[in-house]
Amino acid sequence: MSGHGEPQPMTARKSAPLKGTAAVPGDKSISHRALIFGAMAVGETKITGLLEGQDVLDTASAMRAFGAEVIRHDAGSWSVHGVGVGGFREPADVIDCGNSGTGVRLIMGCMATTAMSATFTGDASLRKRPMGRVTDPLSLFGARAYGRQGGRLPMTLVGAANPVPVRYALPVASAQVKSAVLLAGLNAPGDTVVIEREPTRDHSERMLLGFGAQLHVEKGPEGHVITLTGQPELRPQSVAVPRDPSSAAFPVCAALIVEGSDILVPGVSQNLTRNGLYLTLVEMGAEIEFQNPRTEGGEPVADLRVRFSGNMKGIEVPPERAPSMIDEYPILSVVASFATGKTVMRGVKELRVKESDRIDAMARGLEACGVTIEEDEDTLIVHGMGAGGMPGGATAKTHLDHRIAMSFLVAGMASQQPVTVDDASPIVTSFPIFEGLMTGLGARFGQE
Ligand code: S3P
């Protein structure tokens, strides 16, 4: 839901060693998709482990507004009675996607090839974010978008009555745009083709196959060529949502920088399109053991044993790794502050159009905590201060961005003086149990 209540400041103080098991909630990307694909299948999709964060709850409400029956049975246990591809009904009211770029962009995709119109809005963060990146390809199917200047929400999308399939080369590495085009292609006759130069998270492709769509991926000189055959009947599925590696990043990184820590983080995805942070941390010298590799909910996972790592070194993060760790740069820049030497993050300009301008939010907050930062449009460089070296003693602005809020609370767990975030309320969008989980490990958080 758009609109936030009063800001909720929160302060993190230097923590005792973290101990125990950090079982993080379900993956946000897969949770959105389970609801959306469930709504487009015919019959009942059963979901376990659904993330009950606000972003996902907003997608559940949207699917109801388009005519699907979405029922919560128990914590994480939901069913969706889908209406089939092309079976959506026109919503009677504005669709409010709250803080969620994934929600609004995927939902625009799945209604763009059905003859109806829908009006979308979101909170102050989402209303600033560019929607042209999805409405441009959706217009090739025949949809029309009427938004504010610069392609911003609120926006009305008029779906194509006679959609045509498209062939689209992604101009930005974005799984949201890729997924919006694939979802639109579901209700277009013939083959829709999406070409991505750099691989991005592949949950849509994996799940579409699971739901019975005809889809194949070829690797060619132009990158991944994904071909989807339109107008399938999607079969309902049982979806067991694996844990979210982007949420796991917070306890993992906290344990790396809080002296004496030793924790277990079970079931962290090792999907190559999501595990860039973990590769980077290992290269920096993080002590992480990847135990018990297996498959859960269709994703390769491992249990991570994470110990305090006082000798991490700054590295140059390979720019081509960015799509596989795009949401993890804020927390990586915190870890980099506690390493020695420079950590150089290039090719990261997409961070400027996330829930906030994440390069700016991290740079300003870390500088206030005493860290030296260099930045340009596409680059963030952190000059590490070594283990225990960050002074802290500052308030960071979170700009309605959950990952900025969690990153600075983790920073405050290891810095010399406390770190306050001006507003911790956005954390509910992706990680509603963050405070309880972290304090259960030993974090010292206080409301102020
Ligand atoms: C997501 C894709 C990423 C990521 C977002 C979730 C998804 O965005 O930042 O949190 O579920 O497809 P982009 O694909 O726009 O980079």
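Backbone N, Cα and C atoms are what each Cβ position is placed from, and that goes for glycine too.
Quick caveat, the model's predicted, so the values are computed rather than measured.
Listed features, source TrEMBL:
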ACT_SITE  ASP327  active site, proton acceptor
BINDING   LYS28, SER29, ARG33, SER174, GLN176, ASP327, LYS354  3-phosphoshikimate binding site
BINDING   LYS28, GLY101, ARG129, GLN176, ARG358, ARG403  phosphoenolpyruvate binding site
DOMAIN    13-436  domain 'Enolpyruvate transferase'
REGION    1-25  region 'Disordered'
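Sequence features, as recorded in TrEMBL, placed on the structure.
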| residue | record | Cβ contacts under 8 Å, 6 or more apart |
| --- | --- | --- |
| LYS28 | 3-phosphoshikimate binding site | LEU51, GLY53, ASP55, VAL56, THR102, ASP244, SER246, SER247, SER430 |
| SER29 | 3-phosphoshikimate binding site | THR102, ALA175, ARG201, HIS203, ASP244 |
| ARG33 | 3-phosphoshikimate binding site | LEU106, SER179, HIS203, SER204, MET207 |
| GLY101 | phosphoenolpyruvate binding site | LEU126, ARG129, GLN176, LYS354, GLU355 |
| ASP327 | active site, proton acceptor | SER246, LYS354, ARG403 |
| ARG358 | phosphoenolpyruvate binding site | TYR329, PRO330, LEU351, ARG352, ASP401, ARG403, ILE404 |
Report summary line: Residue counts for the region 'Disordered' (1-25) under DSSP, helix then strand then coil, are 0 helix, 7 strand, 18 coil
Query raised in the report: Should we count any of the recorded positions ARG33, ASP327, ARG358 as near ligand 1, judged by a CB under 6 A from one of its atoms, and which?
Result: ASP327
**Report entry** Cβ neighbour count within 10 Å of ARG129 (phosphoenolpyruvate binding site)
**Finding:** 20
Report summary line: Three-class DSSP assignment, LYS354 (3-phosphoshikimate binding site), comes back as coil
Query raised in the report: Which of LYS354, ARG403 (the binding-site residues) has the most other Cβ atoms within 10 Å?
Result: ARG403
Report task. Using only the residues recorded as binding 3-phosphoshikimate (LYS28, SER29, ARG33, SER174, GLN176, ASP327, LYS354), report the maximum Cα-Cα distance in Å, whole number please. Result -> 19
Query - Average model confidence [pLDDT] within the domain 'Enolpyruvate transferase' (13-436) - result: 98
Report summary line: Same-chain residues at least 6 apart in sequence with Cβ under 8 Å of the Cβ of SER174 (3-phosphoshikimate binding site), in sequence order, are ARG133, THR200, GLU350
